[in-house]
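Input: a single structure, listed below in structure tokens.
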Amino acid sequence: MTIESLPGSSGYIEAGRRKITYFSNGYVLGLTVVAGIGGLLFGYDTGVISGALLYIRDDFEAVNESSFLQETIVSMALVGAIFGAAAGGWINDAYGRKKATLLADVVFAIGSVVMATAPDPYVLIFGRLLVGLGVGVASVTAPVYIAEASPSEIRGGLVSTNVLMITGGQFLSYLINLAFTEVPGTWRWMLGVSAVPAVVQFSLMLFLPESPRWLYMKKDKSEAIVVLSKIYDPYRLVEEIDQLSAALEEEHQRKTSVSYWDVFKKKEIRLAFLAGAGLQAFQQFTGINTVMYYSPTIVQMAGFSSNQLALLLSLIVAAMNAAGTIVGIYLIDHFGRRKLALSSLFGVIISLILLSVAFFLESSITSSNGLYGWLAVLGLALYIAFFSPGMGPVPWTVNSEIYPESYRGICGGMSATVNWVSNLIVAQSFLSIAEAAGTGATFLILACVAVLAFVFVAAYVPETKGLTFEEVERIWKVRAWGIGYASEGLLDGRES
């Protein structure tokens, strides 16, 4: 059997006699959409708190008087997500992707109810912690579940659909924020309705199968083959089963369970984790969730004092984020992960410099008639336009495909934890740094970090477009031990 890529197209191939496109298999698309609701939870939570915070400050005087308390309300969800992601990797490997998703939905829904009924800021913070735990588990599970149920040629675009759900959730959160601005109990409705997608996903997930790769490696080969037969045509099914059989045999030969320490003992795994975790860290340290969490506040800093106007302008930013992700879904399997990330970061650097200049000028010139405020809003919009197609989906896509089966859950959880820790650092420090050094200086710092990110991607992140999981493993084998070891098994006991 031969598989030939069509000229100029990845994500659209000839496999035997059947072409594979994003829409050629409704079963795979259905799995992707339902799993992607986890991304919707992720996105809605990151987006909704920025608008809700404006009204929480009005209801609770203590919050209004304390930047630290405001940052804690935002960042407590991130603390929960750190623990959720760390535990999520183990839960995924031990109990499967499906059960991990169901658990995330239950915890998230409970947290939403606690937030909506919070009588004081401290109960609200506890609700944020619970929601964060659910989001953390979901952030690990959804990309892996989608990747393991996707043909390699369209894997990037389908995993990026999860990122589209994240950005779509952020956009939805701004719409809901605007809808409830005149409703009594404004912020309670904003936070409480987030339980709805969790309940929807829980209900739908009950009828979906476990990840076929997890089933084959951990539980039931025959059940796994039934699921795989719905994903691949007969030409491809035999090849996929052969690859899974080889991976299973390799795991049996190893005869030991994978631990967190093994990630750092095995050179090839260590290199893969460096690339994956580095991408996740730089996604946050280049400022994306600064923009999404605090975009209404940033807009007010830029001179727009109305809460509703700030939310409306932030809605436009969120819409651009979602639209850019749709562009990224197409580009990631055509242009490639590495090139897309580098192009994205180049634009991010320019945008952050523009933002920095706008705020420097706004603070130094007493009368600008709002010109520099609009320049800051333009900088935010350009930032999203460059970030969303590239550094939005690329880290999650790459992390879903660069680890061997036995390491995918644990490494995915660890790299997601790095993302959430980085996210926490940015969220907890942005307003304080902006108050101390000025908003212009803060965005200049982010621009310098983006330059470092560009260098990192160029040096450490390989191209994985269109490759099978096994082919990606061989990349790290070659990088770790040289070309002479490319044909040997990935996990052969070598340590360095």
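We count from 1, first residue shown onward.
Every residue, even glycine, has its Cβ placed from backbone N, Cα and C.
Bear in mind that TrEMBL entries carry predicted annotations, made automatically and left uncurated.
Copied from TrEMBL, the annotated features are:
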DOMAIN    31-465  domain 'Major facilitator superfamily (MFS) profile'
TRANSMEM  27-56  transmembrane segment
TRANSMEM  68-90  transmembrane segment
TRANSMEM  102-119  transmembrane segment
TRANSMEM  125-146  transmembrane segment
TRANSMEM  158-180  transmembrane segment
TRANSMEM  186-208  transmembrane segment
TRANSMEM  271-294  transmembrane segment
TRANSMEM  309-333  transmembrane segment
TRANSMEM  340-361  transmembrane segment
TRANSMEM  373-398  transmembrane segment
TRANSMEM  410-434  transmembrane segment
TRANSMEM  440-461  transmembrane segment
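With respect to Cβ pairs under 8 Å, the transmembrane segment (440-461) is most closely packed against 373-398, considering the stretches 102-119, 158-180, 309-333, 373-398.
Listed as Cβ neighbours of the transmembrane segment (158-180) (distance under 8 Å, sequence separation of 6 or more from its ends, same chain) are residues 22, 28-29, 32-33, 35-48, 50-52, 142-143, 146-147, 150, 186-187, 189-190, 193, 197, 292, 308, 311-312, 314-315, 318-319, 321-322, 324-326, 328-329, 332, 388, 392-393, 396-397, 400-401. In summary, the transmembrane segment (340-361) does not lie against the transmembrane segment (125-146): fewer than three C-beta pairs, each 6 or more positions apart in sequence, are under 8 Å. Of the two recorded stretches, the transmembrane segment (27-56) does not lie close to the transmembrane segment (373-398), with fewer than three CB pairs under 8 Å once pairs fewer than 6 apart in sequence are set aside. Of the ranges 68-90, 186-208, 373-398, 410-434, the one with the most Cβ pairs under 8 Å to the transmembrane segment (271-294) is 410-434. Counted over residue pairs separated by six or more positions, the transmembrane segment (102-119) shares fewer than 3 Cβ pairs under 8 angstroms with the transmembrane segment (309-333), which leaves the two as not touching. Taking pairs at least six residues apart, the transmembrane segment (410-434) and the transmembrane segment (68-90) share three or more Cβ pairs below 8 Å and count as touching.
Restricting the average to the domain 'Major facilitator superfamily (MFS) profile' (31-465) gives a pLDDT of 86. Long-range contacts of the transmembrane segment (186-208) within the same chain, counting only residues at least 6 positions beyond its ends with a Cβ under 8 Å from a Cβ of the stretch, are 30-31, 34-35, 37-38, 40-41, 44-45, 48-49, 51-53, 55-56, 59, 98, 101-102, 104-106, 108-109, 112-113, 115-118, 127, 131, 134, 169, 173, 176-177, 180.
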